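Features as listed in Swiss-Prot:
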| type | residues | note |
| --- | --- | --- |
| ACT_SITE | Lys116 | active site, N6-AMP-lysine intermediate |
| BINDING | Asp34, Ala35, Asp36, Tyr37, Asp38, Ser83, Leu84, Glu114, Arg137, Glu174, Lys291, Lys315 | NAD(+) binding site |
| BINDING | Cys409, Cys412, Cys427, Cys433 | Zn(2+) binding site |
| DOMAIN | 749-831 | domain 'BRCT' |
Amino acid sequence: MIPLDPAQRAAELRCRLQEANYHYHVLDQPRIPDADYDRMLRELDALEAAYPDLATPDSPTQRVGHTIATAFSEVRHTVPMLSLNNAFSDPEVLEFVRRITACLGETAPGFSAEPKLDGLAISLRYQNGIFIQGATRGDGVTGEDVTANLRTLPTIPQRLQSDTWPTVLEVRGEVYMPRPDFEAYNTQARLRGWKVLANPRNGAAGSLRQLDPHITAQRPLSFYAYGIGEVTDDVSFHRHSEILASLRAWGFPVSPLVELVYGSEELLNYYRRMETIRDTLPFDIDGIVYKLDDLSGQREMGFVARAPRWAIAHKFPAQEQTTTVEAIEIQIGRTGAATPVARLTPVQVAGVTVTSATLHNADQIARLDVRIGDTVIVRRAGDVIPEVVTVITDSRPLGATAWSMPMACPVCGSEIVRETGAAVWRCSGELACPAQRKEAIRHFVSRRAMDVEGLGVKCIELLVDAAVVHGVADLYHLSLDQLLRLRLVTNAQTPTMLLREARDHVTGMRYQQLEEILRTVGVDLSGEGDVPKHWQIDVLRAQWPDFDWNHKKIATKWAQNLIAAIDRSRQTTLERFLFALGMTHVGETTAKALAHSFGDLAIIRQLPWPLFKCVPDIGGEVARAIGHFMDQPANQQAIDDLVERGVRITDTHPPTSTLRDQLTLASLLEHLDIPKITPLRAVQLAALAPTLPLLAEAALDTLLQAGVSQPAAQSLTEWFQSPDNISLARRLQHCCDVLLAQLPSADRAHTAPLNGQSVVLTGKLASLTREAAATRLEMLGAKIVGSVSKKTSFLVAGEDPGSKLDKAHALHVDIWDEARLLAFLGQYSAQ
């Protein structure tokens with residue numbers, strides 16, 4: 001039993017300390033001396049130590065004191081943390097405003113103009129006014145739980161002020177390190193022999209991701225709020241400026257530099273003023289964010305891909321420095337793109353040591369006339385990617401010659417080619433090129449593709465160089481023995497060290513075999529000769545004797561975890577699989593659109609390129625790239641190999657009925673991009689024959705007599721004279737007929753069982769991912785939303801559902817468990 005006086009005193013101290021925090025960090029009006037604050041904090045800490053039941057999660061004493069974590073858990077954002085499109089010039093800002101005025105019909109709409117802090121974006125979740133969880137932005141959909149570390153920031157309220165806040169509130173903002181505090185920290189770090197921080201942004205990000213909150217508490221971090229995520233229905237807003245005002249009232253610091261401005265002229269004036277005072281601010285900013293103030297206007301403008309159309313980041317010119325070009329090298333990407341890179345004399349740019357900079361492509365080098373030995377101006381584009389922007393030709397050394405793209409790939413020796421009209425040169429080696437294979441595998445296992453955790457860049461390079469992995473399908477044949485060999489060899493800095501470590505796992509004749517392998521690759525075991533440069537790769541390529549691995553002498557958990565992660569990736573969704581294939585021009589959005597429209601890998605891999613234009617937002621260039629990829633026997637073999645090794649698509653479904661209008665003969669003629677065949681002319685031609693092959697037989701005179709114009713008729717007949725085009729037309733018609741046969745009937749299309757229904761998913765599902773479940777439900781007409789409200793049709797609840805389930809009960813929303821969901825999906829599939 002807690003005596004009454006200590007409980008009252010603890011409550012009083014918490015109230016006074018929270019009020020002091022609010023006045024100090026939000027209002028910038030300290031009410032009590034620091035000494036008094038420290039005295040009250042110590043008194044409260046002593047009371048909570050004497051009476052542990054007095055401690056509350058929102059107590060100021062809880063800002064430090066959590067145990068060290070072993071890793072950060074994932075947090076799925078209820079409302080995605082979107083990225084912003086960038087503007088680097090005034091005309092881009094003017095175009096941004098023009099689009100909004102044209103859409104909304106307003107001549108001078110209001111915008112919230114806010115400095116873009118150079119820190120780490122986070123999301124703070126409050127329930128009933130109490131801070132319960134904080135997460136990093138991550139990839140915008142999933143972040144890391146850094147709640148314990150965020151509790152150490154005095155600028156983040158543990159309990160909200162006032163009593164007007166909603167039941168559930170997600171606050172979005174930026175954790176940053178003030179410049180004076182950053183400099184003071186580095187001064188102390190140098191005196192104490194600690195590692196100094198590279199720049200305030202890296203300092204903020206690294207500090208917030210410390211596993212030990214005590215370390216975070218020692219770092220001078222601060223926070224500004226700039227928006228909201230999920231908010232329950234008991235609070236509503238009409239303007240973004242109202243949101244910021246409410247955040248201030250609830251205890252959050254909001255930048256005092258935020259202004260409400262009207263029209264493009266005021267936007268640019270604000271930008272100029274901030275650019276002028278940028279270097280005098282106590283924190284780093286890399287631009288200005290403009291947000292449409294009217295929330296109904298925001299909803300009308302909507303989004304494109306992962307960015308809102310009602311907001312934009314107007315970036316400042318990046319910081320620049322001069323340095324010297326020591327060499328120009330070629331890097332080969334996963335699609336074969338040959339990107340020239342300048343190797344530079346190291347130079348500090350925006351707090352980072354820059355040793356190389358992109359030259360983008362051969363045309364850019366020609367425009368700049370960059371040569372080896374030149375003095376150049378380097379900047380960090382967007383303050384992230386270093387690039388060469390100008391050559392100081394007055395400093396050019398005598399004899400410097402113009403650079404030209406090499407004709408052979410520096411990695412595999414294949415010809416480097418450029419398609420007519422393209423800016424990018426590409427290695428023609430495709431998957432025969434180790435550089436492309438490495439990048440293809442790196443992309444394949446990435447988080448938003450097949451999501452194989454634990455397979456890093458260095459490991460991928462060694463697996464490819466050692467010929468253990470030739471393509472992505474080989475990952476599914478990796479064994480524990482292969483991975484342990486990799487670790488044993490790479491940990492050995494010298495051949496002698498390898499032999500010493502190997503004695504724990506192999507003896508006798510097999511040990512002698514290993515010695516012979518080393519001799520074969522050119523190693524002098526006497527230790528007198530030079531060690532071959534690539535001895536580790538050559539040793540890994542050799543036929544090894546069997547090892548009896550001593551698990552006490554070599555770490556195996558990482559290898560077991562990696563094999564388990566690879567195995568888990570065998571079950572995936574169609575959009576992830578398509579994205580993982582790394583097709584040129586196919587990002588996540590396009591992969592999702594393909595999966596939604598066609599629904600089945602077996603269909604997609606057989607389609608000719610024009611049918612990909614049936615998918616919304618896929619144009620001719622992207623469609624041709626997808627078709628080209630699927631037409632390559634090596635790529636088809638790679639897909640076969642993946643399927644053979646157990647990769648399964650878990651969300652296969654029939655093609656969407658919306659394709660029907662795109663599969664008419666007139667639409668097919670449009671998709672073929674035949675010169676002179678306009679949409680109107682395509683409709684006219686479609687009336688002359690039921691199929692493409694029959695239309696191909698029509699003579700020029702027949703077309704002219706039917707009223708087709710001379711240019712269009714001539715163009716069509718010439719196009720059909722090509723055997724390749726005839727073959728394409730026949731294939732296109734056949735695939736079109738197959739697709740039409742698989743489409744849901746028109747009646748079924750209009751009576752999708754979930755048309756108009758809003759569905760929320762929460763908790764973990766055992767049989768399929770929430771992502772896959774959402775896709776299946778969307779195919780049946782449902783709209784997937786992030787929060788429960790009175791308008792929610794039903795909630796799908798898996799394990800550990802959280803507060804959404806409680807709210808669904810309170811609002812009498814229908815609740816489905818996983819069994820009911822699977823039964824419903826199975827019933828539809830059966831139909």
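In case you wondered, yes, glycine gets a Cβ from its N, Cα and C as well.
Long-range neighbours of Cys433 (Zn(2+) binding site) (same chain, six or more residues apart, CB within less than 8 Å of its CB): Ile332, Gly336, Cys409, Val411, Cys412, Ser414, Cys427. The record gives Cys409, Cys412, Cys427, Cys433 for Zn(2+). Within 8 Å of the mean position of their Cβ atoms, the other Cβ atoms in that chain belong to Ile332, Gly336, Pro410, Val411, Gly413, Ser414, Ile416, Ser428, Gly429, Ala432, Pro434, Ala435, Gln436. Less than 8 angstroms from the CB of Leu84 (NAD(+) binding site) sit Val289, Ala307, Pro308, Ala311, Ile312, Ala313, each of them six or more residues away in the same chain. In this structure the alpha carbons, written CA, of Lys116 (active site, N6-AMP-lysine intermediate) and Lys291 (NAD(+) binding site) are 12 Å apart. Annotation for the binding-site residues Cys409, Cys412, Cys427: lowest Cβ count within 10 Å of the residue's own Cβ, Cys412. A simple way to gauge crowding: the CB of Lys291 (NAD(+) binding site) has 24 other CB atoms within 10 angstroms, across all the protein chains here. In this structure, Lys116 (active site, N6-AMP-lysine intermediate) is part of a beta strand by DSSP. Counting only residues at least six positions away in the same chain, the Cβ atoms of Met81, Leu120, Ala121, Ile122, Ser123, Gly143 sit under 8 Å from the Cβ of Arg137 (NAD(+) binding site).
Secondary structure of the domain 'BRCT' (749-831), assigned with DSSP and counted as helix (H, G, I), strand (E, B) and coil, comes to 33 helix, 16 strand, 34 coil.
Taking the Cβ of Lys116 (active site, N6-AMP-lysine intermediate) as centre and 10 Å as the limit, one finds 21 other Cβ atoms among all the protein chains shown. In the three-state DSSP classification, Lys291 (NAD(+) binding site) falls within a strand.
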